[in-house]
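First comes the structure, then the notes that go with it.
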Amino acid sequence: MASKSTTGLFLRGFISTPKPRCSARPYHSYTHPPPPGPFTPVETAILSASLPHIPTHGFTHTTLSLGAKDASYIDASTNLFPRGAFSIVHYHLVTQRAALSKHKHILETSSQPGAKPPGIGAKVKALVWERLMANKGVIHRWQEALALMAQPSNIPTSISELSSLSDEIWFLAGDTSVDSSWYTKRASLATIYASTELFMTTDKSPDYSKTREFMDRRFEDSRVLGTVVGSVAEWVGFTAHAGLNVMRSKGVRV
Amino acid sequence: MALYSCGRSTLLAAHIPVYDFLAPSLINITRSTRSVRHLSTSAASNAQDASSNTPGSDAQSHPKRPSKPLTQAQRDFLTSALRVNQAGELAATLIYAAQTPPIVKAHPHLRPLMKHMYDQEAGHFDTFNSLLAKHRIRPTAMYPLWTVAASALGWGTALLGREAAMACTEAVETEIGDHYNGQLRYLLDMIEGMESRGEVIGEDLRELVGTIRRIRDEELEHLDHAVENDAKKAVPHELLTGVIRAGCKGAIWISEKV
Ligand SMILES: [Fe+2]
Ligand SMILES: [Fe+2]
């Protein structure tokens, strides 16, 4: 076991921080198995064992150590995570994104005759809501996560996770447009998600009804869903604007 | 007229060997594939037959799904190849769409040809659109720019007259033909390498080879049409095609990256 950990440590030295591994997922193959995810089996074991400690200990090194202990690794194995507590945040983001495909009731078009199948827009909204609800258990600690995500060395991963989430939602909802609306759709959805997620950290209303209203208003405002932003100027302007908003919501001063 | 068709056939004859260079490598790689050049639509199914008929590891592993993920380099190649192809076909549809009204107005007999070429380009564009969506590849960020540039090129060359419009087609299709041939070579090398390591090849890769081969053949058909319609008589031919080809190269280079 010790040798396994040292190898992991050794490898981490080469594949170290700035460039997130496998965050962008180009060429999704349907016949070849997917490439390995961003976490090694050891990392996965420790990180998944850490999750139950988040509500009490937050996104902290303590949580990581407790997770390592629970997964029966020595305390020093937390050295596997050069980015420390951010790895828990990253793990949460990756696994909750992957979990979206399990919401079959949203994704499957209802087979009832006569029932109008939900449109892409409705599916997008439902998936955003499911993703937000997946933060329910850790929402009182989420501002710690946001602070970690906004640290300069973690920003590339944070942004790329946010855009992967946005891409995942459009893909699952069945959107197939591959023109310049591809960018506006993802940018606007990322903005909506990030701002609603931030709103949710301060929401004390029952069943997060205030968050729901906030999200509905954001979707209303964007009006990008279902329409195509035609002009080049609008497209450039909107993308830049959305990018800025996303960074602001992550605590970057721009 | 007779004189033209004479010159035409020698020109065509002179072109053929250039595109046939792929033939030997095709025979080597997908062994039991017989007719090489105009497989077009049946290429994918032929490739499938090839793998089930060939004795050895291929036949045994045919029902198996590929067990190895594609490497980062392979996925990077496929991503940028499909992205640049979509951008190219977008440009092609826009060029023909912009050229058609002025050309058809001045030369009504070209209407069926222009429509035929446009329809094929629209088919290519649809093919790559659905491949991008299926494989979750983002379109080029230069999409709006290519839209403007391609329309301007089509419109501009059409205003210069039939010969210039055809010279534009000649230049574009020459670059595109080379570009698709390059991709085919790379893909076939990749498949050969995977086969030699005993890896199972995903059906989507085999289909892609068939698709690109069919589209390449259609692009070369457009090139032939352009030459038949006096592309070489455009003045100044070399300058015009040289500039357009350089533009295509630049656009391909950029679209592969962003
Ligand atoms: Fe084409
Ligand atoms: Fe063409």
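Glycine residues also receive a Cβ, built from the backbone N, Cα and C atoms like all the rest.
TrEMBL entries are annotated by machine, without manual review.
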- One of B:E203, B:E207, B:E219 listed by TrEMBL as binding Fe cation 1 at the site of B:E89, B:E121, B:H124: B:E219
- Item | Given TrEMBL lists B:E121, B:E219, B:H222 for Fe cation 2, the same-site residue among B:E170, B:E173 | B:E173
- Query: Within 8 Å of the Cβ centre of B:E121, B:E173, B:E219, B:H222, which other residues of the chain have their Cβ, at the recorded Fe cation 2 site?
  - Reply: B:A92, B:M117, B:Q120, B:T169, B:V172, B:I176, B:G177, B:E218, B:L220, B:E221, B:L223
- Query: Roughly how many angstrom lie between the C-alpha atoms of B:H124 (Fe cation 1 binding site) and B:E173 (Fe cation 2 binding site)?
  - Reply: 13
- Note on the structure: binding-site residues B:E89, B:H124, B:E173: those with Cβ under 6 Å from an atom of ligand 2 are B:E173
- Note on the structure: If you tally other C-beta atoms within 10 angstroms for each of the binding-site residues B:E121, B:E173, B:E219, the top scorer is B:E219
- How many other Cβ atoms are found within 10 Å of the Cβ atom of B:H222 (Fe cation 2 binding site), counting all protein chains shown? 23
- Item | C-alpha spacing of B:E173 (Fe cation 2 binding site) relative to B:E219 (Fe cation 1 binding site), in angstrom | 6
